[in-house]
Amino acid sequence: MDKTKALDAALSQIERSFGKGSIMRLGQKEQVVEIETIPTGSLSLDIALGVGGLPKGRIVEIYGPESSGKTTLALHAIAEAQKNGGVCAFIDAEHALDPIYARKLGVDLENLFISQPDTGEQALEITETLVRSGAVDVLVVDSVAALTPRAEIDGEMGDALPGLQARLMSKALRKLTASIFRSNCMVIFINQIRMKIGVMFGSPETTTGGNALKFYASVRLDIRRVGSIKDRDMIVGNQTRVKVVKNKLAPPFKQVEFDIIYGEGISKLGELIDLGVKVGIVEKSGSWFSYNSQRLGQGRENAKQFLREHAEIATEIETALRQNAGLIAIELLENAGSENTESNEAI
């Protein structure tokens, strides 16, 4: 029997056993589809991700120090999904979601499903049930560190239960991965960082919940607060840096910076100005900003105010930036590469 007949026989047997479509050629025309994405609320981050946003049908991990903007970024993704008619759910394991802040970011609270589970097992069971339904587009788990195993809750405060949470996450992700892909649901895990003891070389930082999430996640975002935004003497927001640490859909290691304004979320207008200057769409002469010979204002804050009052110009700049997305992505990758080289030389 030649190879072709043997292969046909094997394929027929697989389809009889597991159903039609259980195995196919990757290049079959009807099977090749573009990956659906959901915007992050940050234009520069959408470009850095290479596919225009966070991918549906995949696992995403957002991690960083406290008060760095992890939940804010996840809520922006929920708001963007809801704008397109998506169904979203929020597993609030930390019991710390602020509905007033979520509404300010554009989240439709009336159509957001929320659960505040008592144990890690309960949280992950609810997650699996929602994913298997096939009706949810975005599901956020906040956070992995708060997924406390039932045995730990029932035990004494001083009980040593090493690896319990890691085993819980590993088992849950094994069960969830196939369901997430089939249902085309994006699951965002928010995670915290911890310090490893006795690390002499390299970064001592690690994320909670073991290594399973690092492997199963298609996208991992490291978000950090790198500075403060002041209005006279009052701090009104954070300068935030996000690095795409892992990306299975496009080149990783791109790095972007944007502003998060307290009570407002990600400053879209600030991004339009910064990215516009970077690719030459917005001209900067001294402290003045202009677009198509139209002066936007003196200083970044005045230029932002002008765009706030003239939404049509802001839309024009955004359209032009999206058309130049490839050029911006290359520049982001080069900048991140040079920074990595400098840090390696310093070590």
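Cβ coordinates are placed from backbone N, Cα and C, and glycine is handled just like the others.
Residues or ranges marked as ATP binding site in Swiss-Prot: G64, P65, E66, S67, S68, G69, K70, T71. In sequence order, I223, R224, R225, N238, T240 are the residues of the chain that are 6 or more apart from S68 (ATP binding site) and have a CB within less than 8 Å of its CB.
Reduced to three states, the DSSP call for T71 (ATP binding site) is helix. Long-range Cβ proximity for G69 (ATP binding site), meaning a same-chain Cβ under 8 A and a gap of 6 or more residues, is found for I223, R225, N238, T240, I260.
The ATP site, placed at the center of the C-beta atoms of G64, P65, E66, S67, S68, G69, K70, T71, has further neighbours from the same chain whose C-beta lies within 8 angstroms: I223, R224, R225.
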